[in-house]
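Q: One structure coming up, written as structure tokens, with questions to follow.
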Protein chains: 2
Amino acid sequence: MNDADESALIDRFEPGEAGLVEARDFVSAEPFVFESGQTLPGFTLRYETYGRLNAARDNVVLVCHALSGDHHCAGIHSLTDRKPGWWNNLIGPGKAVDTNRFFVICSNCLGGCQGSTGPSSSNPATGRAFGITFPFVTVRDMVRAQKRLVDSLGIASLHTVIGGSMGGMQVLQWGIEYPSFVRRLLPMATTARESAQGIGFNEVGRQAIMQDPEWHHGDYPVHGGPRVGLAIARMMAHITYVSDASMDRKFGRRRTGTAASSGAAGHAYTFDVQFEVESYLRYQGEAFINRFDANTYLYITRAIDHFDLAAASGSLEQAFSKVEADTLVVGFTSDWLFPPEQNRAITLALLRAGKRASYAELKTDLGHDSFLLESEELYGLVRSFLS
Amino acid sequence: MNDADESALIDRFEPGEAGLVEARDFVSAEPFVFESGQTLPGFTLRYETYGRLNAARDNVVLVCHALSGDHHCAGIHSLTDRKPGWWNNLIGPGKAVDTNRFFVICSNCLGGCQGSTGPSSSNPATGRAFGITFPFVTVRDMVRAQKRLVDSLGIASLHTVIGGSMGGMQVLQWGIEYPSFVRRLLPMATTARESAQGIGFNEVGRQAIMQDPEWHHGDYPVHGGPRVGLAIARMMAHITYVSDASMDRKFGRRRTGTAASSGAAGHAYTFDVQFEVESYLRYQGEAFINRFDANTYLYITRAIDHFDLAAASGSLEQAFSKVEADTLVVGFTSDWLFPPEQNRAITLALLRAGKRASYAELKTDLGHDSFLLESEELYGLVRSFLS
């Protein structure tokens, strides 16, 4: 890819926006050996780019997405597209990740269901979706696959790798796996080892999916499958992404229109939706089943469960011993899924390993999803770390 | 009931234990009008007592249970009974709630499924379980039903009403509903209004049950029903009863026996149980479906959703204006389901209403269930408040 290609691609939509963007597919025809020992003859990663690669090819920011995220992190796909990419507030011309300066890459992870090869992809051997015959994926597998994409673009080093939640896990893995390739790491709202609580929530979600009679051991039709189980998994997970305080501010105990006007003593006595928070969570569940694959949910949550940087090396400090990049870890006070102490632990281990690392803790009451939300303080941190 | 009855009943098992206890049924043959306006011609409450009612009939401690609790809070039912009542560590001869001194009553709440009239009870009109034709129950209904039981025992006042979680809600409701009847209130790990987050978790549990194809709109056979959905609801809820720290201490990332010995790089790549925390949660789910009714879970969680003491009176301070009892509120630092601030808010509102109230916050890392756990500090607080 050269500047002319990029110029054709990035037809700036309006000032301050990444503009009209187009997803592309990177196809690796080389065999890929997963950490599990299983193999695929090759794979596809769907990705997007924003901004232009400079002549020195040293202005690349790689964005890693979270569990249910994808490659579309900024801009819009068409003029009628009402929803920009998931990190559009952070990434764009003049924004904290300034696409006037940086060439930004984001890819759907290996094992994902938004265009990259994963459980919902067709298995050439059978003509049906892989389902649970797909190889088990780890965060390290995601990073190793992503490296092939980056290499294919003729990039010799990454200025920064940035991401929150599972994206932050990939950021840390990049620093360990390819130490000399990465100059800056910016993990947010993440952990170096998935906690028992985190595994527990993931397991409840998986059980909701796998115990749904429509799951059929992972062999379900494209538009069918365990939609009920996946919706329940998502409803629960959504609660873990926000906070008590933010839910109270957003919904409190407000009733829905119907419920507010019926029932004695202001109660609507029913198991149907009564409270706005119920309506909202049901909507979150419904919306999710239309864009996400249930088997993929099993795989990605399992990848998160397996994430434990210290396990392979004996200690986190030892795991970080190879890191060459500068690291800024960002934690959020109200994040109870990957709480501040887990983010501080990353920073401390880097410092003990003699690395350049700093930690910023932002006071928010928005919970885990704080890394996605509009915050001038966060933008300022990102901007200055990238300078 | 007189002392001789009690003496026959309480055959002391061993020093310091409430001993062999027997559950009894209180049958109210008077019609009961629920807050919803629905009625029942009468109801049964199953209950237990420990210790002896004194001549003045003024040594009564009433214990209120939480969502999945019951009337069996101390002692054992037979010499082969391996598990004592759920608050046996707190209640017994010489214990914090000293049954040598107090006559302790605990009843399964109205709407419950452990012997009291509820959705799993047989509807005399049909000969089948009420299911979701049972009237909607509120915390206030539970308290009003319990009052009939207490009256039937010839008791003129309560020395103390004590309980945690939904039990704490009942404690507060007792103080408001029957102000001159109650001398001391001891609510723990509770709230004066269920939060949006709490309603959200309850709703996810209800959806898991109601979307289970075996639910059949609540009309399922006694040993059948939405067992999968109920188990999933319980697995999720269990996580909310403990804490990140306690789960990490108890399970960490330890693998189960099978998983620890298989798979590359120490991973067992499977969606079956790999981690001890998964095994534990599945066990919690399985154990629950054998002792709890799914429709009852819907009703009791809905009662919790509806709990909002301020709603009826305009403000919490106003709601507490009638209270005559002394109140000690106990919160636990690691309780994120009914966090310390919600317990402090109760105390502050009582104080603003000019009542005698104090607040104790215990530093634990055991989460919401801290009120059930062995803690000399908690015992000391309870003991001195009851003196």
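In case you wondered, yes, glycine gets a Cβ from its N, Cα and C as well.
Sharing the record's features from TrEMBL:
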ACT_SITE  A:Ser165  active site, nucleophile
ACT_SITE  A:Asp335  active site
ACT_SITE  A:His368  active site
BINDING   A:Arg234, A:Asp369  substrate binding site
DOMAIN    A:59-346  domain 'AB hydrolase-1'
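Situate these features within the shown structure.
A: For the recorded site, A:Ser165 (active site, nucleophile), the DSSP three-state label reads coil.
For the recorded site, A:Asp335 (active site), the DSSP three-state label reads coil.
For A:His368 (active site), other Cβ atoms within 10 Å of its Cβ number 23. DSSP assigns A:His368 (active site) to a helix.
Within the same chain, the residues at least 6 positions away from A:Arg234 (substrate binding site) whose Cβ sits under 8 Å from its Cβ are A:Ser68, A:Gly205, A:Gln284, A:Gly285, A:Phe288, A:Ile289, A:Phe292, listed in sequence order.
Per-residue pLDDT, averaged across the domain 'AB hydrolase-1' (A:59-346), gives 95.
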Q: Looking only at A:Asp335, A:Asp369, the recorded positions on record, which one has the least crowded Cβ, with the fewest other Cβ atoms within 10 Å?
A: A:Asp369
Q: Using C-alpha atoms only, work out the spacing between A:His368 (active site) and A:Asp335 (active site) and round it to an integer in Å.
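A: Pair distance, Cα basis, whole Å: 4 Å.
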Q: Rounded to the nearest Å, what's the C-alpha distance separating A:Asp369 (substrate binding site) and A:Asp335 (active site)? Just drop the number here, would you?
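A: Computed Cα spacing between A:Asp369 (substrate binding site) and A:Asp335 (active site) is 8 Å.
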Q: For the C-alpha pair, I'd like the distance in angstrom between A:Ser165 (active site, nucleophile) and A:Asp335 (active site), rounded off.
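A: Computed Cα spacing between A:Ser165 (active site, nucleophile) and A:Asp335 (active site) is 10 Å.
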